[in-house]
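What Swiss-Prot records for 1-399 is region 'Carboxyphosphate synthetic domain'. Sequence annotations record features per position, and here Swiss-Prot assigns ATP 1 binding site to Arg127, Arg167, Gly173, Gly174, Lys206, Leu208, Glu213, Gly239, Val240, His241, Gln282, Glu296 based on sequence analysis. What Swiss-Prot lists as Mn(2+) 1 binding site is Gln282, Glu296. Taken from Swiss-Prot, the feature Mg(2+) 1 binding site applies to Gln282, Glu296. Among the features that Swiss-Prot reports, Mn(2+) 2 binding site is placed at Glu296, Asn298, with the record citing sequence analysis. According to Swiss-Prot, the feature Mg(2+) 2 binding site maps to Glu296, Asn298, an assignment based on sequence analysis. Summarising the annotation, Swiss-Prot assigns region 'Oligomerization domain' to 400-536 and lists sequence analysis as the type of evidence. Look at Swiss-Prot and you will find 537-919 tagged as region 'Carbamoyl phosphate synthetic domain', backed by sequence analysis. Taken from Swiss-Prot, the feature domain 'ATP-grasp 2' covers 661-849. Residues or ranges marked as ATP 2 binding site by Swiss-Prot on the basis of sequence analysis: Arg697, Lys736, Ile738, Glu742, Gly766, Val767, His768, Ser769, Gln809, Glu820. Taken from Swiss-Prot, the feature Mg(2+) 3 binding site applies to Gln809, Glu820, supported by sequence analysis. Summarising the annotation, Swiss-Prot assigns Mn(2+) 3 binding site to Gln809, Glu820. Among the features that Swiss-Prot reports, Mn(2+) 4 binding site is placed at Glu820, Asn822. Residues or ranges marked as Mg(2+) 4 binding site in Swiss-Prot: Glu820, Asn822. Positions annotated as domain 'MGS-like' by Swiss-Prot, on the basis of sequence analysis: 915-1043. Positions annotated as region 'Allosteric domain' by Swiss-Prot: 920-1056.
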Amino acid sequence: MKIDVSKVIVIGSGAIKIGEAAEFDYSGSQALKALREEGIESVLVNPNVATIQTSYELADKVYLLPLKTEFIEKVIEKEKPDGILVGFGGQTALSLGVSLYKKGILDKYNVKVLGTPIEGIERALDREKFQKTMKKVGLPVPPSDAAKTPEEAIEIAESIGFPVIVRVSFNLGGRGSFIARSREEFEKYIIRAFAQSEIRKVLVEKYLNGWKEIEFEVVRDKAGNSVAVVCLENVDPMGVHTGESIVVGPSQTLTNREYQMLRDAAIRVADAIELIGEGNVQLALSPNSEEYYVIETNPRMSRSSALASKVTGYPLAYIATKLAIGYTLDELRNTVTGITTAAFEPSLDYVAVKIPRWDFKKFEEVNKSIGSEMKSIGEVMAIGRNLHEAFQKAIRMLDIGDELIGKYYLEDEPLENVLERLKKKEPYLLMHIAKALRLGATVEDIHKITKVDKFFIYVIEDLVKIAEELRKNPTEELIREAKRLGFSDWEIELLTKRKVKKKWKPVVKNIDTLAGEFPAKTNYLYVTYDGVENDIPKPKKPSILVLGAGVFRIGVSVEFDWAVVNFVNAIRKRGIEAAILNYNPETVSTDWDMSDRLYFEEITLERVLDIYEFERPIGVVAFAGGQLANSLAKKLENAGVKLLGTSGKSVDKAENRAKFSKLLEKLGIPQPEWISAESIDEAIKLAKKIEYPVIVRPSYVLSGTAMKVAWNEKELIDFLKEAASVSPEHPVLISKFIPGTEAEIDAVSDGKKVVGVTLEHIEGAGVHSGDSTMVTPWRTLSERNVKRIWEITYELAKELEIKGPFNVQFVIDKKPYVLELNLRTSRSMPFSSKSRGVNLMELSAQAVLDGELKIGVEGKYYEIPPVAYGVKSPQFSWAQLQGAYPFLGPEMRSTGEVAALGTHYEDALLKSWLSVKPNELPKTSALIYGWEKKNILKETAKILENLGITTYSIGGDIGEINISKQEAVNMIKEGKIDIIMTTGYAKDKDYEIRRLAADLNVPLVLDANLALELAKAIEWKTKTQEEFEIKELREYWIRKIEENVEEYAASVVLRR
């Protein structure tokens, strides 16, 4: 029986950060879908502009606002909802729900908490209350105690005895948690742990070294009926955060007795916290007996529940929403099968493996060991008929330039080096295990070091035996067995040094959650060589295959999933079937009902061609999924695949630096001068010729990694030495650094005309566009230059016969220079679309599928008119990346983004900046310092001083009070600094200050231009006494904005 609610406010999770990523876009989207089905109006508050959920496909109303109590209260006051869902936006949403409840805001406006009651949430998230609850119901917990001060925590640690693990209350991604083996180590990290807890509380617990970590996903309804949907087993033992662990589903090493015992405990945990909806229960099991402990529970959708949904095909978030609004399990149907109720526990005839992906190369001084705190950026999930195959696929999906039995495996080095990596817990455990076994380590040796169950090590040993046999005697029978166990053609060719003849075809299998026990029609598919026949017939209707974005990493995030889902919607609206190929368990695109067929598979040339042969689509879309899909464009075209949109040949011309440069020369379009050097001496000589400053990028490095600005010869030499090798095989590109204003155009072309949006960066040149704060409409560019960048954009579209979405980046110093052209969707396209109220992916569908843009405007190019100011801000995850030095440069380091719109620019800027964690406006003090752009920093300090804020500075006369570095450090530790504003790169001078700010959640502004803009916006808000504008997205789209903006934007009417 449904609860009587007609309007529900849903709290999102905000920007993507380490520990709180796209899994909440997926779960939130499912929740919105379930509400719409029930005819309940949904009001979503989430500043994450890049997600699917902040568009009207799913939500009825969308507010791009900071996730802070005062903003949510304003939305509640305005919208008057009668219910609130807080279990679908990660820790952020749960904490906000508790805060709204405790401040009496929910009672004041009569808003019901749907799902698990707030008392239950507190029993789960407050470590002390959780321990008491477990003891009360007779469930075992490890020896532990809660502390409210560092001194108390030290006493508890001493009484329990080292080693201990410290867990933080009301927190996500294990932030601030640590393992200490001594008092000295404990004292070093305890202050940071308290800073990362919203309620300043930690739990000190006995460290269960070498115990197995097991997770259950439990669904429970208001009547107390429960289902254990899946049991996931962590390959890594206790002490490694589950988000950092390799996870296998279903569990592989539990006996039936152990499984039933832990399942029973998980259901009792759900009962004890009065869970309504979905929760995740983590348990520790002794490897030597049946002793176990309950570790923790999350009474909400989590990373593990997104994974569990994709592992089993059981739509957890959708079912959890229905339970929250009052249904019981037996009243709900499992929408995947269509024939069983939600009370059926899924049964699997395959195995799924999740492996995280790290991006440590992009961060300086970062601690690379993995442990109790999350540092991974994304994750992959592989499905196989056997564990060997699933392990192999998962490593390929990470897209790290190697495979499980690949180049690293074959490189010779001392065994001790590899064992040392295993001891330090460095990423990509399976690759180190395989290499150690090849170099002579035994299963026992590896088990002793890693505490990984021998069962998993034996699986890797099987692969190593096959690999070594392939090197010696590659028979046809052996190659066939290697394919069954997940070896790719590339691996086999590397080992045998001969081409693989395609003699066998893989089969397509479906996931029905029932292990084939009941007939069920599902479209959730995977491909394997370990099978005899296809589970589904070859498709008969015309279809289009869309390649997804694959694993998220820095630079590739939910923006590309937004593009994939929007393009797929456009295909299906046109009556054509759409198939998606993707393997990211966190995303909306890998939701089985987003497409007509979902291939949960690797995005490699070999696998795309297998699926292309089976699916026989009318074309393949590679431009929506970002770099991974786009980089296959030319290879696919060469293999005879029909690509939709811009040709693979054109993509290659834009991607290849030398070819693109020649093209710009031919068209007479200015570009920063650049050269390619094959030795350090040549690089020094050529850099002198084009004059400093220069941007240096070694060519053999992935994803814009290792790009730096060198201001003089010494910096250039230092950097090239760091780059390890510069040679004819690894030339280094050196281009003139032009310190101007950066701008870009997000556009769509049908080959005849171009339509799009201009974006201006607030930070100066030399900061990666993904780390820049962007504003639209532009504010400081001249009319002449804006007209010129549009002309250039049109010329490039015409020359390269662009059909579909693309993005051009410029630096403007008196005149525009082209920096790069991306012939695909860009990171900023969701922002461009939502800031103007026009979906660029729908326009892309017009260009690609209908053959022309239907915009009803004559001329070559046209800018979509602005409806409001839009500001997009980057979200960094410095707090999670222990030791990393926070700074901005030509290499991207942010993990997510947020945005806000406003009638006034200042309002949009402040709301956008406040949507980034841990930003708060300064009340009494600011530390402002730097060794470059001093005039801008001085102006910033002056404005804040005039507003009554005390400004401090180190090593100069920027703020009103000059203090020593040590004084600054002490003030930060004592909580006496509200905000830190600095600029540039000065690791040898201020590493401790910046790192401390990240560790203690002090807002950190890393660019002088942005600091000044924020100071001016704070001044504007103080002087005008303006309240923050609380408007729903559509309210901006349907009304004119401030007259002067209207005139200002119209002064360059781009309809040439």
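Each residue, glycine too, has its Cβ placed from N, Cα and C.
Checking the binding-site residues (Arg127, Gly173, Lys206, Glu213, Glu820, Asn822) against Gln809 (ATP 2 binding site) with a 10 Å Cα-Cα cut-off leaves Glu820, Asn822. Applying DSSP to the region 'Oligomerization domain' (400-536) sorts its residues as follows: 68 helix, 10 strand, 59 coil. Across the domain 'MGS-like' (915-1043), DSSP helix (H, G, I), strand (E, B) and coil residues number 58 helix, 16 strand, 55 coil. Here is what falls inside 10 Å of the CA of Glu296 (Mn(2+) 1 binding site) among the binding-site residues Gly173, Gln282, His768: Gln282.
Comparing the Cα of Ile738 (ATP 2 binding site) with the Cα of every entry in Arg127, Gly173, Gln282, Glu820, these being the binding-site residues, the smallest distance points to Glu820. The maximal spread of the ATP 2 binding site, taken as the longest Cα to Cα distance among Arg697, Lys736, Ile738, Glu742, Gly766, Val767, His768, Ser769, Gln809, Glu820, is 19 Å. Around Gly173 (ATP 1 binding site), the C-beta neighbours below 8 angstroms that are at least 6 residues distant in the chain are Lys17, Ile18, Gly19, Glu20, His241, Gly243, Glu373, Met374, Gln880. For Gln282 (ATP 1 binding site), the binding-site residues whose C-alpha atoms fall inside a 10 Å radius of its own C-alpha are Asn298, out of Asn298, Gly766, His768, Glu820, Asn822. Of Arg127, Glu213, Val240, Asn822, all annotated as binding-site residues, the residue with the shortest Cα distance to Gly766 (ATP 2 binding site) is Asn822. Of the candidate binding-site residues, Arg697, His768, Glu820, the one lying closest to Arg127 (ATP 1 binding site) when CA atoms are compared is His768. Counting only residues at least six positions away in the same chain, the Cβ atoms of Ala654, Phe806, Asn807, Val808, Gln809 sit under 8 Å from the Cβ of Asn822 (Mn(2+) 4 binding site). Spacing of Asn298 (Mn(2+) 2 binding site) relative to Val240 (ATP 1 binding site) is 17 Å (Cα to Cα, whole number).
Within the set of binding-site residues (Val240, Ile738), the lowest number of other Cβ atoms found within 10 Å of a Cβ is recorded at Ile738.
Residues Arg127, Arg167, Gly173, Gly174, Lys206, Leu208, Glu213, Gly239, Val240, His241, Gln282, Glu296 are the ones the record ties to ATP 1, and the longest Cα gap between any two of them is 20 Å. Cβ crowding, taken as the number of other Cβ atoms within 10 Å, peaks at Arg127 among the binding-site residues Arg127, Arg697, His768.
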